[in-house]
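Chemist: Next up is a structure, given as structure tokens.
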Amino acid sequence: MARGEGAEQFSSGLLPTAKSVTQNEIKMVKLPKQQERKRALTVWSKVCFAIGGAPYQITGTALGFFLQIFLLDVAQLNPLNASVILFVGRAWDAVTDPTVGFLVSRTPWTRHGRMMPWILVSTIPAVLCYFLIWVVPPIEQGKMMWYLLFYCLFQTLQTCFHVPYSALTMFISTEQRERDSATAYRMTVEVFGTVVGTAIQGQIVGMANTPCKNNTSPNNSSNDLIQSNNSHIPLKSNIFDERCAYMIASAVISLIYVVCAAVLFFGVREQDVQGELKAQKRVSFQKGLRLVMGHGPYVKLVLAFLFTSLAFMLLEGNFAVFIKYTLGFREDFQNILLVIMVSATVSIPMWQWFLCRFGKKTAVYIGITWAVPFMILVVSVNSSLIVSYIVSIAAGVSVGAAFLLPWSMLPDVVDDFKLQNPTSQGHEAIFYSFYVFFTKFASGVSLGVSTLALSFAGYETGVCVQSDSVNLTLKLLVSAAPVSLIALGLLIFMTYPIDEERREYNNKQLQLLLRNEEEEDEMEVLKPDITA
């Protein structure tokens, strides 16, 4: 679609007909100060909103980095069963997103808003299920069903939290600049949440390092006391210690989850933005879904970030195993993961400045491709702890961009949709839930396929050293596959039509519409006095 297309439809259908509206005239519009103050968000509101995003990232990081290795080395499941749990759990999680999005779109407005009740009700059951994911049940035959059940339950309840929270971006302010600022706050806290998740899970579990069996000497009677990185690990006692460590870490994360949800609920006021656009009318979910999925910029944005997200998910899901076995840093893998997340957190403000200065599309190209040389470097050089830390710092910068940019660009697509479909409203949850659906489905595919690939390569549970075929598979999973997916995603992104000029134009038209609606409301209030 050509730049600005759809503006004529918008202006002729909803704006006053007494004066024509051109792009140049719109640029001169100055909103009243009272209206600007109404839409302004305080720093406190932005911080509280941002804190609400931490639980999803804290739990997601812990699951993404550590669940695979927990199922394989602590719960002692075979790789095939672990791959089934990871794939089915993530696939189920993906299916729940459009379902919850539909239910949220049908939720009536309450005194707490439309999104907040979902966030409040889902919190406590979610943390209970999360804790039980990290418990090793005393039954051997039912282990797989135990993890599959509580993993799926947690993902469902987490969706009931995250989809309304994501859509809340459109209900905290009608001002695009305010939403972008709140999104930057949110991304900073969310990436900091990944640091917290990595630190809590990694450092607590790292105190009870995973025991392993000496697979090079199967007839050696000292297998229960093996040497790993110059330290002796008693096998049975350490398995028990590590199980306790995982439960302690999950309990701490569960407590943080509850605190963050409470801060969000009491610190953010959800605005009834839909009431401000009286000219709009609600359409059915099915029609809304067809409109959303038929909106070209949204489809292109989702497809592009689907492939780039899949690349980083492959890296995330396999990097701990890669560090532990291929690089041989059994006692350092949690610290290397922590460095990646700290680097990503520090880079978020820089990327926010960059996208404001050079535009969002440029930020995508630079930010996502930044990681590619380091993905290649980490599998090309000989195993070196110093090189691993350098690569981790550099890769974290790209991870920060991957966190910020999709959520910063989705509101632009929603605004563009509103201008091209001015009589349709209430589809924010559909936009966000289907984006999360596709990324979560990609995550399930990446974890399931990668764990299955390790099974075919001959991965052995609990051993100190894996075979060459396993190490080669891990190199492909953290380097060649992600690089190829990033290239494909960026090729699709080249067709994304919303540049900075179109984004600003859309924003000014929306503000003009809201201004006229508010003026009409004021006239309605004054009308009885005038006629009297």
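Cβ coordinates come from backbone N, Cα and C, glycine included.
Pasting the feature list from Swiss-Prot:
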- 1-40: topological domain 'Cytoplasmic' (TOPO_DOM)
- 41-70: transmembrane segment (TRANSMEM)
- 71-81: topological domain 'Extracellular' (TOPO_DOM)
- 82-102: transmembrane segment (TRANSMEM)
- 103-114: topological domain 'Cytoplasmic' (TOPO_DOM)
- 115-134: transmembrane segment (TRANSMEM)
- 135-144: topological domain 'Extracellular' (TOPO_DOM)
- 145-169: transmembrane segment (TRANSMEM)
- 170-176: topological domain 'Cytoplasmic' (TOPO_DOM)
- 177-208: transmembrane segment (TRANSMEM)
- 209-232: topological domain 'Extracellular' (TOPO_DOM)
- Cys212-Cys464: disulfide bond (DISULFID)
- 233-266: transmembrane segment (TRANSMEM)
- 267-297: topological domain 'Cytoplasmic' (TOPO_DOM)
- 298-324: transmembrane segment (TRANSMEM)
- 325-335: topological domain 'Extracellular' (TOPO_DOM)
- 336-354: transmembrane segment (TRANSMEM)
- 355-358: topological domain 'Cytoplasmic' (TOPO_DOM)
- 359-380: transmembrane segment (TRANSMEM)
- 384-420: transmembrane segment (TRANSMEM)
- 421-430: topological domain 'Cytoplasmic' (TOPO_DOM)
- 431-457: transmembrane segment (TRANSMEM)
- 458-469: topological domain 'Extracellular' (TOPO_DOM)
- 470-493: transmembrane segment (TRANSMEM)
- 494-532: topological domain 'Cytoplasmic' (TOPO_DOM)
Chemist: So if I exclude everything within five residues of the ends of the topological domain 'Extracellular' (135-144), which remaining residues of that chain have a CB under 8 angstroms from its CBs? That is, six or more out.
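Modeler: Sequence-remote neighbours of the topological domain 'Extracellular' (135-144) are 74-75, 77, 81, 84-85, 243, 247.
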Chemist: What residues in the same chain, six or more past the boundaries of the transmembrane segment (336-354), come closer than 8 Å to it by Cβ-Cβ distance?
Modeler: 61, 65, 184, 187-188, 191-192, 194-195, 197-199, 202-203, 319-320, 323, 329, 362-363, 366-367, 388-389, 392-397, 399-401, 403-405
Chemist: When you check the transmembrane segment (82-102) against the transmembrane segment (298-324), do you get at least 3 Cβ pairs under 8 Å, counting only pairs 6 or more apart in sequence?
Modeler: no
Chemist: What residues in the same chain, six or more past the boundaries of the transmembrane segment (177-208), come closer than 8 Å to it by Cβ-Cβ distance?
Modeler: 39-41, 45-47, 49-62, 65-66, 169-170, 238, 241-242, 244-246, 248-249, 252-253, 256, 331, 333-335, 337-338, 340-342, 344-345, 348-349, 352, 399-400, 403-404, 407-408, 411
Chemist: Quick check for me: are there 3+ Cβ pairs below 8 Å between the transmembrane segment (145-169) and the transmembrane segment (470-493), leaving out pairs under 6 residues apart?
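Modeler: No, since the transmembrane segment (145-169) and the transmembrane segment (470-493) share fewer than 3 Cβ pairs closer than 8 Å, they do not count as touching.
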Chemist: For the transmembrane segment (470-493), which stretch among 41-70, 298-324, 359-380, 384-420, 431-457 has the most Cβ pairs under 8 A?
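Modeler: If we count Cβ pairs closer than 8 Å to the transmembrane segment (470-493), 298-324 scores highest.
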Chemist: Pairs of Cβ atoms less than 8 Å apart decide it: which stretch in 41-70, 298-324, 384-420 has the most with the transmembrane segment (431-457)?
Modeler: 298-324
Chemist: Quickly jot the same-chain residues contacting the topological domain 'Extracellular' (71-81) by Cβ under 8 Å, restricted to those at least six beyond its ends, or write none.
Modeler: 136, 143-144, 147, 210, 212, 239, 242-243, 246, 321, 451-452, 454-455, 459, 461-462
Chemist: Could you break down the residues of the topological domain 'Extracellular' (325-335) into DSSP helix, strand and coil, giving a count for each?
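Modeler: For that range the per-state counts are 5 helix, 0 strand, 6 coil.
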Chemist: Using DSSP reduced to three states, classify Cys464 (disulfide bond) as helix, strand or coil.
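Modeler: In three-state terms, Cys464 (disulfide bond) counts as coil.
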Chemist: Summarise the model confidence on the topological domain 'Extracellular' (209-232) as a single mean pLDDT, whole number.
Modeler: 43
